[in-house]
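In what follows, a structure is listed as structure tokens, so that the remarks can point back to it.
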């Protein structure tokens, strides 16, 4: 816990001082910590146990964002604004948290300004991670669209060997030529297709269909 990135660069006695601003909270297994849409009031540091962060979509489907253990932080945006929580948090097992409320945070950084720098560094790192995740999600979406375009051609009786250029397939899939090239090479490495000069051959039609509908 004292190795948390929030305390990076602090002397041991400064870490103890910082921890004195936190309030202890106990959550039994399965108890919600906060819900998506709640007004944020505190940052939480996991002292023991495990926490699941998840987002609920309009259809009620839950998507797990992270599983957090001792020494990890969540809810940090609430220290910077009074906006709504973007996700829900629940205790996966009996969990002890240390809560840092906004007023206590402001008092803490007056004593230990490095904590504010560490929080900014943590937010920057998470922003980079979010950007990377968006790139990965965009690639997965493009992968599905390219697979669906190939599946349509296959169902039209034009395959399994297609005479098609990357820019033509890009137009069918609604993506860029560069993205199509990346997706096709990934599918070739998986053995789903075989690539040749100006050709794409479907080798695993069943797997292609699963990819097209997001099942693989």
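Using N, Cα and C of the backbone, Cβ positions are placed for all residues, glycine too.
For reference, Swiss-Prot has these:
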- 6-126: nucleoside 3',5'-cyclic phosphate binding site (BINDING)
- 75, 76, 77, 78, 85, 86: 3',5'-cyclic AMP binding site (BINDING)
- 140-206: domain 'HTH crp-type' (DOMAIN)
- 166-185: DNA-binding region (DNA_BIND)
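Overlay of Swiss-Prot annotations on the structure.
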| residue | record | Cβ contacts under 8 Å, 6 or more apart |
| --- | --- | --- |
| 6 | nucleoside 3',5'-cyclic phosphate binding site | 18, 45, 73, 115, 118, 119, 122 |
| 22 | nucleoside 3',5'-cyclic phosphate binding site | 45, 98, 99, 100, 104 |
| 54 | nucleoside 3',5'-cyclic phosphate binding site | 62, 63, 64, 65, 87, 88, 89, 90 |
| 75 | 3',5'-cyclic AMP binding site | 34, 40, 42, 43, 44, 85, 89 |
| 76 | 3',5'-cyclic AMP binding site | 43, 119, 122, 123 |
| 77 | 3',5'-cyclic AMP binding site | 40, 83, 86, 123 |
| 78 | 3',5'-cyclic AMP binding site | 40, 41, 42, 43, 85, 102 |
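Those same-chain residues not listed among 75, 76, 77, 78, 85, 86 yet with C-beta within 8 angstroms of the centroid of the 3',5'-cyclic AMP site C-beta atoms are 40, 43, 74, 83, 87.
Compared over the binding-site residues 85, 102, the count of CB atoms lying within 10 A of a residue's CB peaks at 85. The binding-site residues in question are 86, 118, and the one with the fewest Cβ neighbours inside 10 Å is 86. Counting every protein chain shown, 14 other Cβ atoms lie within 10 Å of the Cβ of residue 38 (nucleoside 3',5'-cyclic phosphate binding site). According to DSSP, residue 118 (nucleoside 3',5'-cyclic phosphate binding site) is assigned to a helical segment. Other Cβ atoms within 10 Å of the Cβ of residue 70 (nucleoside 3',5'-cyclic phosphate binding site) number 15 in total over all chains.
The secondary structure of residue 38 (nucleoside 3',5'-cyclic phosphate binding site), as reduced to three states from DSSP, is coil rather than helix or strand. Here the domain 'HTH crp-type' (140-206) returns a mean pLDDT of 85 for the predicted model.
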